[in-house]
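Student: After the structure tokens below, expect a handful of questions from me.
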Amino acid sequence: LTCFNDFSPTAHTVEDCQRGITTCYMKTWRVHRETVIERGCGCPKVKPGIRLKCCTGNTCNY
């Protein structure tokens, strides 16, 4: 599985996930009126106030 793995609004870099990982994620949250975006492999638990989207399929976390 290949997922985007960067911290910007436009996804540019990718990573090959470790064997056995079947999902990609995109987390978003607000900091001082700006939206922060984090992408990567897996589907992590998040704190309240953080939006999480998990998906299956190569580069689905755009």
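Cβ coordinates are placed from backbone N, Cα and C, and glycine is handled just like the others.
OK, Swiss-Prot features for this one:
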DISULFID  CYS3-CYS24  disulfide bond
DISULFID  CYS17-CYS41  disulfide bond
DISULFID  CYS43-CYS54  disulfide bond
DISULFID  CYS55-CYS60  disulfide bond
Student: Would you mind reading off the Cα separation of CYS55 (disulfide bond) from CYS3 (disulfide bond), to the nearest angstrom?
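Tutor: Here the two Cα atoms lie 10 Å apart.
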Student: Applying a 10 Å Cβ distance cut-off over all chains shown, what neighbour count does CYS55 (disulfide bond) have?
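Tutor: If we count other Cβ atoms within 10 Å of CYS55 (disulfide bond), we arrive at 14.
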Student: If you compare CA-to-CA distances from CYS60 (disulfide bond) to each of the disulfide-bonded residues CYS3, CYS17, CYS43, which comes out shortest?
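Tutor: Checked the disulfide-bonded residues CYS3, CYS17, CYS43; minimum Cα distance to CYS60 (disulfide bond) goes to CYS3.
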Student: Which state, by DSSP, holds CYS17 (disulfide bond): helix, strand or coil?
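Tutor: Where CYS17 (disulfide bond) sits, the three-state DSSP reduction gives coil.
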Student: Between CYS24 (disulfide bond) and CYS41 (disulfide bond), what C-alpha distance do you get in Å?
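Tutor: Per the Cα atoms, CYS24 (disulfide bond) and CYS41 (disulfide bond) stand 4 Å apart.
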Student: How many Å separate the Cα atoms of CYS41 (disulfide bond) and CYS3 (disulfide bond)?
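Tutor: Rounded to the nearest whole number, the Cα-Cα distance is 6 Å.
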Student: Can you tell me the three-state DSSP label for CYS41 (disulfide bond)?
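Tutor: It is in a strand.
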Student: How long is the line from the C-alpha of CYS17 (disulfide bond) to the C-alpha of CYS43 (disulfide bond), rounded to the nearest angstrom?
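Tutor: Cα of CYS17 (disulfide bond) to Cα of CYS43 (disulfide bond) measures 12 Å after rounding.
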Student: Could you round the CA separation between CYS3 (disulfide bond) and CYS54 (disulfide bond) to a whole angstrom and send it over?
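Tutor: Cα to Cα, CYS3 (disulfide bond) and CYS54 (disulfide bond) are separated by 11 Å.
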Student: What three-state secondary structure does DSSP assign to CYS55 (disulfide bond)?
Tutor: strand
Student: Only counting partners 6 or more residues apart, tell me which same-chain residues put their Cβ under 8 Å from the Cβ of CYS43 (disulfide bond).
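Tutor: Same-chain residues close to CYS43 (disulfide bond) (Cβ under 8 Å, separated by 6 or more) are THR23, TYR25, LEU52, CYS54.
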Student: Looking at the disulfide-bonded residues CYS3, CYS17, CYS24, CYS41, CYS54, which sits with the largest number of other Cβ atoms within 10 Å of its Cβ?
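Tutor: Per the Cβ count, the most surrounded site is CYS24.
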